[in-house]
Amino acid sequence: MSAILSDDEEGNISISSQSLEHFKATSGNHMARINKRWSSSSSDKRPKLARPTDAVHENITANFISPGQLYSTESGRLFHAGKILIVLVGLPATSKTLLSVAITRYTKWLGVRTRSFHVSEYRRQKSNADSIEFPNDYFSAKPTTERGRKVRKETINQVLTDMIAFFDKDEGQLAIYDALNILEEERSHLDKLFLGLNIKVLFIESVITDPQLIKHNVEMASKSADYQGWTKSEAKSDFMNRLMVNKKLYEEMKPEENLSYLKYINFGEKLIVNNNHYGYLINKIVFFLMNLRDKKGCVYFARCGTSDQDNYIDDEVLNVEGIHYSKVLTDLVLKTINSRRISQCSTPVDVGSWQNSPSSGPTRSASPLIPTSATLRRSESTGNTSMRQPASGDGGDEDSFVVWTAPRKRTYDTAMFFIEKGVNVRQCSQLQQLHPGVVADVSEDEIKHNFPEEYKECLKDPYHYRYPRAESYHDLAVRMEPLLLEMERMRGDILIIGHESTLRVLYGYLMACSCSEIPSLKFTRNELIEISFSPYENKVRRIPIPINQKAS
Amino acid sequence: MPVYTVSNVQNLRICVVMVGLPARGKSFISQKIVRYLSWLSIKSKSFNVGNYRRQTGPPQPNAEFFDAKNKEAYKIRQQAVTKAVEDMMNWFVAEQGVVAILDATNSTRERRDWILRLCRENGIEPMFLESWCDDQELVLRNITDVKQTSPDYVGVDPEVAKRDFLERIAKYEEVYEPLDDNIDRDLTFVRLINVAQQVIINKIETYLESRVVFYVMNLHIKPRCIWLSRHGESVYNIEKKIGGDSSLSPRGLQYAKKLPDLVRQSAGDADLTVWTSTLIRTQETAQFLPYKQLQWKALDELDAGVCDGMTYEEIEEKYPEDFKARDEDKYEYRYRGGESYRDVVIRLEPIIMELERQENILIITHQAVLRCIYAYFMNVPQEESPWMSIPLHTLIRLEPRAYGTKVTRIKADIPAVSTYKEKGTSRVGEALTEATKSRHVLTNPSND
């Protein structure tokens, strides 16, 4: 029996007459729940210290329980959807790896046992471990040499074997197969093979027709691990060669193939869902993909400034230190974003005049951020009825910058200098901190003393444990899910000023932390956290907040 | 400024423009979207062009009226859509609307271009939602529905109505231009093909739009029922205390024992799934049910914060201002350190989405939570839903249908205290007066 609570355990709650007596004796008190929804052995054995790396590719242990898991069924699989294989389809440089990693991150967070299988990783490992030279035609869907065919077949078979083992032995529910799969014959073979094993197959085909996007993706690919030590132009022409060879062979998916597929065109500009029989889980993935965007900016996390009192029940204003902190934070965030924009920009847009202009003079531009080419495009489309109008402040543009704060007064006020500078600041009710229940404003020593039993229970599973009348981290994560999707949709920079509990949940999603790690993640007032995005994994940087410095 | 709970985007206004032939479920989808968004406090309204046309045109026009070559009739229809769009634009401004739905066939590109331009000039983003269907069986089922509900066919012989309606559809087909992947590639649009066998989603650019699409994709039209019950009478109920996590009173336990019979009476041998909250009283109520059970934290009772475990009298005495404030705006009032009805609705949203997808679910939960769920299915406005009386020891059956939900209630005949509190008093108990009668949706038999 896995540690994930099965329907049986959760369902047939039979309360013995003895425990009913107990209820009567103590009725009128707040009672901690006696039926544990999450088994206390749920904590996995990984070290609890926060890793600086993204764990989206880590294997999940047999009794893994994910941050956003709502409930599980007897088999440990969610949404009663059975086992599903998602097969990525598409030419090189169509963001297949990014898609498979993003879906893995999201579904894992939802509690689905997901693993992505990247054929390119298999090849890299193989060539490192066995120092096998991969023939050049290996990269074609139809290699021309005997040796190319053999190596290609071996590699793919290895992936298939591992995927089947994942479903069979590791109780996997969702495998994501990241390879070209551009031939109709390959797809039909996969569909038959896995249907035979009672595993449903959904194809996600990424099609890119926008030349700008292709150019960007080729650029990215020529900087990948495959081309370490190559000159830029050699790398690019080699990659273009891989692309052209396969383009000739490519058979785009069509309804006549009679497969369930999702066409994902120009990174979400258009989606086509065909033959969708799989219900909720797939709809949920489509919903996610509607919001997934190629991010240009970063997500920043910061705490709010301090107030004189620090009680849960009060709604305090910032004190002098708190106001100073807000100023320093504003300067630091703007400086960080601008210096990144300068380093990324190939043709700097009038940087000089921006730096020289006084920050509060009448000549100040509306935005404290350096304009990018996207800014120019937007000013062209405003008022032009033939184009979709930009929704102000919704973060859809790659040069947008939005600040989210929790609804509490001092948190919102921490953003006051951003408002002054014309930055969009949004108060999000979902960022309301974890409800502490009876332990609100109670020190740890007092908890130990006044609630010894509860304290002991909490230590066993701090993620799922609720103090009487409190929210658990799990409750918080479920409540915050809409924010995760909004965060995915925003292409520019986001600064989130919030309580430590909510930052833990958001960070936990972006870095694929486990339940056992999230409650002990640390966010202090002397560090700004920056999370940057790349297709294979996300990266964290901790930037010191120079709180002793004079603010501008 | 309106309060957004799903997407706080400032100034975002969307017009969902329905597209499709008659009897493609456009009105059904429109009403569902309005219900879902209103429930989430996103101001939304559907503008049905047919209703406008009936105001100025003939009350029961025949198929000839819908011929595009019929110049006179065409003018009336044109006036109707102009009036609808005008009202819609005024609504956006006057009522700070967020999502409007233009429920009409909008079957020609010319018409759609006209709406598009008008929307953009007014700073509103149009999202086209086309229901396209060539499944004849599905169309015929819809026609049966329309015949029963449309004012166009009141008192008309069903066979005659059906023939006329098919003819009307044929008139529309002559001029119908479906959305085109290529020509319309710059528009934000969704095409539902044969309900949701194929779905094409183009240029969705905001979270709110994606939310609407996700919701529409989860809708199904299979017949099903949902059963709702409060937990049995609890120790706190008897002590007139609110909140807490007490267990059942002896009478509450009696209800729990009788519940399996009540459910079987109403559901027969159907296999249900039981959803409870994480609080003891709902689990004790569900303990004798022979079905699969799941606990949701989202189904827990509204958190009364500092007032938890107090009686209404105690609250009135200790927090007189809070007590008054809550009576004045019960939906928005948030207990100190606790929740408001609005907060409850936000956390119930995944439950509603899951309920739309599932068949046969029995939910055992609490007074405030049931009010919110009930309000969604019955379209009860926010000012009223927190005041609805939902008595203990009563099983409620909801049967969602295309144009509304049918309610049946089954009393267990086990006495219980009333936990209903009238406005302006701290006493509990029903005092049915003429003025408050409409609130007692479930105790008033005429609403069955």
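Backbone N, Cα and C define each Cβ position, glycine as well.
Feature annotations, courtesy of TrEMBL:
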- B:5-223: domain '6-phosphofructo-2-kinase' (DOMAIN)
- B:ARG230, B:HIS231, B:GLY232, B:GLU233, B:SER234, B:VAL235, B:TYR236, B:ASN237, B:ARG281: substrate binding site (BINDING)
- B:HIS231: active site, tele-phosphohistidine intermediate (ACT_SITE)
- B:GLU317: active site, proton donor/acceptor (ACT_SITE)
- B:425-448: region 'Disordered' (REGION)
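Classification of B:ARG230 (substrate binding site) by DSSP places it within a strand. Cα to Cα, B:TYR236 (substrate binding site) and the residue listed as 'active site, proton donor/acceptor' are separated by 19 Å. Neighbours of the substrate site: apart from B:ARG230, B:HIS231, B:GLY232, B:GLU233, B:SER234, B:VAL235, B:TYR236, B:ASN237, B:ARG281, residues of the same chain with C-beta atoms within 8 angstroms of the site's C-beta centroid are B:SER246, B:SER247, B:LEU248, B:SER249, B:GLY252, B:THR285, B:LEU392. When pLDDT is averaged over the domain '6-phosphofructo-2-kinase' (B:5-223), the result is 89.
Separation of the C-alpha atoms of B:ARG230 (substrate binding site) and B:GLU317 (active site, proton donor/acceptor): 28 Å, rounded to the nearest whole number. Once the Cα atoms of B:ARG230, B:HIS231, B:GLY232, B:GLU233, B:SER234, B:VAL235, B:TYR236, B:ASN237, B:ARG281, the listed binders of substrate, are compared pairwise, the greatest separation found is 14 Å. When the C-beta distance to chain A is held to under 8 angstroms, the recorded positions B:ARG230, B:HIS231, B:GLY232, B:TYR236, B:ARG281, B:GLU317 reduce to B:TYR236, listed in sequence order. Reported as a whole number, the C-alpha separation between B:GLU317 (active site, proton donor/acceptor) and B:HIS231 (active site, tele-phosphohistidine intermediate) equals 28 Å. According to DSSP, B:ARG281 (substrate binding site) sits within a helical segment. Cα of B:HIS231 (active site, tele-phosphohistidine intermediate) to Cα of B:ARG281 (substrate binding site): a distance of 6 Å. Its Cβ taken as reference, B:HIS231 (active site, tele-phosphohistidine intermediate) is surrounded by 29 other Cβ atoms within 10 Å in the chains shown.
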